[in-house]
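According to TrEMBL:
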type	residues	note
BINDING	Asn293, Arg391	substrate binding site
BINDING	Cys450	heme binding site
Amino acid sequence: MSYLLPILLSLAALAIGLLSLLGVFRKRRPNEPPLDMGTLPWLGHVLPFRRNTNEFLRAMQKKHGDIFTVQLGGHCITFLMDPLSFGSVVKESKTNLDFEHFAKQLVATVFNYHALENDNQLLKILSNKHLMGDGLTGLSKSMLKHLQNLMLSKVGQGAQGEWQVAGLFEYSYNLLFRAGYLALFGVEATDEQGEQSAKEADIIGSEELFTQFRKYDQLFPILAYSIESPKQWLQAKRLKSFFWDLLSIKKMYTKVNISPWIEERQRQMDEYGVDHIMQNRYMFILLWASQGNTGPSSFWLLLFLLKHPEALRAVRAEVDQLVRESGQEPGTELNLGKLAKDIQLGLPTLDSAIDENLRLTTAPVLIRSVVKAMMLKMADGREYALRKGDRLALFPYLSAHINPEIHPEPGTFRYDRFLNPDGTKKTLFYKGGQKVNYYNMPWGSGVSMCPGRFFAMNELKQFIFLMLSLFDIELVNPDEEIPEIDCKRWGFGAMQPTREVQFRYRFRF
Ligand code: HEM
């Protein structure tokens, strides 16, 4: 009997260890936020969270208030839902709340990329240099040129005056993706076949890339949650190999007009001794980050404008005025010349319409790792203890974007919501009489704020500018409803629709 005792004790210790790993013993401690572990050990609430993040968090907020901790797939995550308190997360030092830890895990899971210690910092330096301010001018010109070329190539020959029918989501995403890719990752060099053949190779190559990208795009939420079936795992593997090869450094050396953002990043990686296999994988991450959101956003933007004639009229008037100021006539083929800069700096009504569009259709979950035990101070003075090893998350879509206390009639697209009567950008918003600093957060905030946001705004402006300058556009069914948001993508940036919407367009001239 005596020899059984140590075995039984070891088994009991093992069982306790396992149960504790499954979160069974976790209890709320004094000063901690309300704790809701869910009924399933380890999984906790992951199923309803994944089914519809927005509805799940709404229900939890109703039950627990503005801060609560839930168990999701082995992690305890505290959600802070009070937008007035976001500053204490966004501005908290990296030694308490860290963004990189989670981001590195995600890129390892989804892209098989193992990050360098200072990757984030290196990218930030280059993004500040090449995706903002003066550094953006060259890239914007290139983007505008590619957008126009692709738009014209889509219409084809001899089709002037004829209506073309297309799916708005496919059309917009395809254009933004391909033009963005060519502007950032470069174009084929002209060989003995001449310039025309290089241009055609870019048109065909970027189309194929988009087709494959959409397949990965559809798998992305499944891969991020690591819930892919063996078949999906194999498909993702095949697709990754395709992108790693197509974006490989070897192939990059054969391209020209690569943007300095990409080119310098590649040189940096060489200097840090990163091997080409990892560099190829990193290039796919940059393609993903730069092209996965702008296309879907452009779809919603054009759809909202088409559904709101007063908004379309106001934006069209602004676009036409800009064209006239450049010495040209609206409704004629445009010499783009210095228009790239004018589009970037002008068009405040369109700026507001874009902010409004992003408010309604961009819904990232922003995550930080709690590096050491700390107290989180809320705007109303309450303080909550956070445990080391947990995560802290914000979901600004529910807390701020569609909060009726901040944005009246939050479900309605109001193109001038972010515009002051004098035409300047409106930045003053209130909740219960208090000024809200975080009233619209499509780009995230703080250390992890999207470094491509100025370029992305510009891409969206160029898209609308060209569509309205070049074409008459209308919905095939004028009574078309705005499609629902695809619930599976809550938390992943720009949302996608559950179905396609048909539209038609023809040259204005
Ligand atoms: C409408 C378009 C876009 C939206 C809504 C968007 C939104 C976001 C969001 C929410 C994040 C994560 C923030 C966080 O986790 O805290 C992010 C990260 C990022 N975005 Fe964007 N983005 C857009 C376009 C772009 C473009 C055009 C580029 C590049 C040219 C870009 C490059 C990046 C990169 C590199 C990161 C990762 C930053 C890091 O790890 O520190 N994005 N973006």
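Numbering starts at 1 and runs along the chain as displayed.
Every residue, even glycine, has its Cβ placed from backbone N, Cα and C.
Feature map: annotations from TrEMBL on the structure.
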residue	record	Cβ contacts under 8 Å, 6 or more apart
Asn293	substrate binding site	Thr362, Ala456, Gly493, Ala494
Arg391	substrate binding site	His75, Cys76, Ile77, Thr78, Phe102, Ile367, Arg368, Ser369, Val370
Cys450	heme binding site	Trp443, Gly444, Ala456
* Asked: Helix, strand or coil at Asn293 (substrate binding site), per DSSP?
  -> coil
* Could you check what DSSP calls Cys450 (heme binding site) once collapsed to helix, strand or coil? => coil
* Asked: Helix, strand or coil at Arg391 (substrate binding site), per DSSP?
  -> strand
